Amino acid sequence: MQAKKRYFILLSAGSCLALLFYFGGVQFRASRSHSRREEHSGRNGLHQPSPDHFWPRFPDALRPFFPWDQLENEDSSVHISPRQKRDANSSIYKGKKCRMESCFDFTLCKKNGFKVYVYPQQKGEKIAESYQNILAAIEGSRFYTSDPSQACLFVLSLDTLDRDQLSPQYVHNLRSKVQSLHLWNNGRNHLIFNLYSGTWPDYTEDVGFDIGQAMLAKASISTENFRPNFDVSIPLFSKDHPRTGGERGFLKFNTIPPLRKYMLVFKGKRYLTGIGSDTRNALYHVHNGEDVLLLTTCKHGKDWQKHKDSRCDRDNTEYEKYDYREMLHNATFCLVPRGRRLGSFRFLEALQAACVPVMLSNGWELPFSEVINWNQAAVIGDERLLLQIPSTIRSIHQDKILALRQQTQFLWEAYFSSVEKIVLTTLEIIQDRIFKHISRNSLIWNKHPGGLFVLPQYSSYLGDFPYYYANLGLKPPSKFTAVIHAVTPLVSQSQPVLKLLVAAAKSQYCAQIIVLWNCDKPLPAKHRWPATAVPVIVIEGESKVMSSRFLPYDNIITDAVLSLDEDTVLSTTEVDFAFTVWQSFPERIVGYPARSHFWDNSKERWGYTSKWTNDYSMVLTGAAIYHKYYHYLYSHYLPASLKNMVDQLANCEDILMNFLVSAVTKLPPIKVTQKKQYKETMMGQTSRASRWADPDHFAQRQSCMNTFASWFGYMPLIHSQMRLDPVLFKDQVSILRKKYRDIERL
């Protein structure tokens, strides 16, 4: 029986092969004879009908998106062949094969680290406001150097942002101006910023001069012309984009379910002719007037009526019915189709509004795609599959929509809300390429707080930062180092600093105590310090300035730091409770003395208050616990100008630390217990600690608030009404049931 089956299968296979060979041979002979007939007719001047002539011609089953014959008649020069397009693109960059290994000199960076030099501005050269903001962001960063011999990267002062020849911002004769720069060196180790390139009708990515071996930080760059790990794709931003700070995202709270009034929206220009018109002319097929609103208008450009079609009047009327901002804030998804160029202002607008972008721009290298995983924040569509977009986004689960929306807010606030953040992200990406052994990984770039606040020079291990304990499955540190800032001489054994030292040393969580001696008097003898169960290390400050208390000392062996002023009054129980609270919030400042900020309408400036109200926004570092990483961030991230101000005033260092931590975490600090008085009131009036009684001290702190807010570009401090007390605090139960029973008596 089995043999019969095998024979039958073999016979069937043989028959199929024979039929295939027969029909294939017939077609092959037919094609050869047809080619011979064509050759013969060509020699005799005769015309033979092609085989296609015998096939029936069916009418178009689908209506085209646009009357192509009309479009061709209006401007046939717009349509160029693929070969012409390839030739145009290939001539854009002569250094198209450039990579970091072949077109970048790493030796310049190994000498002095990653330093950026900006060419001095030339007389008579006009610079647009957007490019001035870019240069100001570089010059205000920690990477800037005014000495070209120390530079690793060079940035032109010549405005290269707008290279559209029809633009009033276009800089003429840029080729000769760049070549005349004595440090140009064929563009090696140079970075060129560009937002607009090419012009009507094809809008190629030609910047109008030979960039040589320079890197491009470019908007609307195509994947075809993008040089991986060499160029940087940046977003297209308007001239009104804030230089620093920027507005926060518009998502104030999460709605469950995360669906809004409209499923998908878009409102913009409809290009009747030319590049970018194909997709926008087809949007009306998807628009349903209910939860999918894709509105376009023909009213743009000087001669729009010349190209007006039969649908323009209806589109223009529908376009005027809806307010764009209202649509943006009430939509779940926002369509981001390409314009004349690949990039669009709609991209950043959607991110800020927490409207999940639906990208419809084939071939666009998305901004910072080298480090950002856009699949976590956007839907990547295909222009050729426009009609499938509604069904695709409707199939996305609500949990996924919520995650996408939250990620848009993180990315907006971390990398896109200001020109400064866009520039610094560009520089950090280049720095990671140069120093690959300490570069940031994808988790750092795509998780809070982002790559700008996580400095890999501090550590290459994520567990050394306070933000990734949950991701790594780690527990917060179990010990702390107490750092006591001493500014008065040790003259009595009853001084508050000695009582404080003993109280901190008795804590079960204390690993060691460091006394930072910032006093003008010599160090006291070792026998003057009380005996403790933990090591006591006395460090004499070299410069003896206020900022020295936040230096990243190697002697600090724990991740947790208990920062104390010498006149602070705390018990061991209070220290223990504050530390256990901090273990639940390791990225925040946790402590006792709370202060607040407010906006003074009469003076139009920020104010500082120590009054006890129902909320607070700062916890002073005279009695607070925080992560050691903030010492490194304070010393290496903040500009020298702010730290010099603190040192000159001998004031405001605690406010500056609160500004920094709130800017990183986007969260307020945490106050513990209801304790109000944390200072020793009997300190001598000749002591430097008596600065709190100085009438100028409070006025200085008011001034500091506004200076710090100006540098950050916004007010990072956040008000909170939360206070954490021990369980059963002041409850009418037995005192034996309470762990921190002593706190109620303090």
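Using N, Cα and C of the backbone, Cβ positions are placed for all residues, glycine too.
Swiss-Prot lists CYS98-CYS103, CYS109-CYS152, CYS298-CYS312, CYS334-CYS355, CYS652-CYS704 with the feature disulfide bond. Residues annotated as N-linked glycosylation site in Swiss-Prot: ASN89, ASN330. Annotation comment: Swiss-Prot describes 1-7 as topological domain 'Cytoplasmic', evidence class sequence analysis. Sequence annotations record features per position, and here Swiss-Prot assigns topological domain 'Lumenal' to 29-746.
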Distance [Cα-Cα, Å, rounded] between CYS334 (disulfide bond) and CYS298 (disulfide bond): 20
I'd like to know which of the disulfide-bonded residues CYS103, CYS109, CYS334, CYS355 has the most other Cβ atoms within 10 Å of its Cβ. CYS355
Helix, strand or coil by DSSP: which one applies to ASN330 (N-linked glycosylation site)? coil
So CYS312 (disulfide bond), by the Cβ count within 10 Å over all chains shown, scores 18
C-alpha spacing of CYS152 (disulfide bond) relative to CYS103 (disulfide bond), in angstrom: 13
How big is the gap, in Å, between the Cα of CYS109 (disulfide bond) and that of CYS98 (disulfide bond), rounded to a whole number? 18
Quick one: pull the CA-CA distance for CYS152 (disulfide bond) versus CYS652 (disulfide bond), whole Å only. 34
Specify the nearest of the disulfide-bonded residues CYS98, CYS355, CYS652, CYS704 to CYS298 (disulfide bond), where nearness means the distance between Cα atoms. CYS355
Starting from the Cα of CYS355 (disulfide bond), work out which of the recorded positions (CYS98, CYS312, ASN330, CYS652, CYS704) are within 10 Å. ASN330
Within 10 angstroms of ASN330 (N-linked glycosylation site), Cα basis - disulfide-bonded residues out of CYS98, CYS312, CYS652, CYS704: none
Cβ neighbour count (10 Å, all chains) around ASN330 (N-linked glycosylation site) is 13
Give the helix, strand or coil assignment DSSP yields for CYS312 (disulfide bond). helix
Could you round the CA separation between CYS704 (disulfide bond) and CYS312 (disulfide bond) to a whole angstrom and send it over? 56
Sparsest Cβ environment (other Cβ within 10 Å) among disulfide-bonded residues CYS152, CYS298, CYS652, CYS704 belongs to CYS298
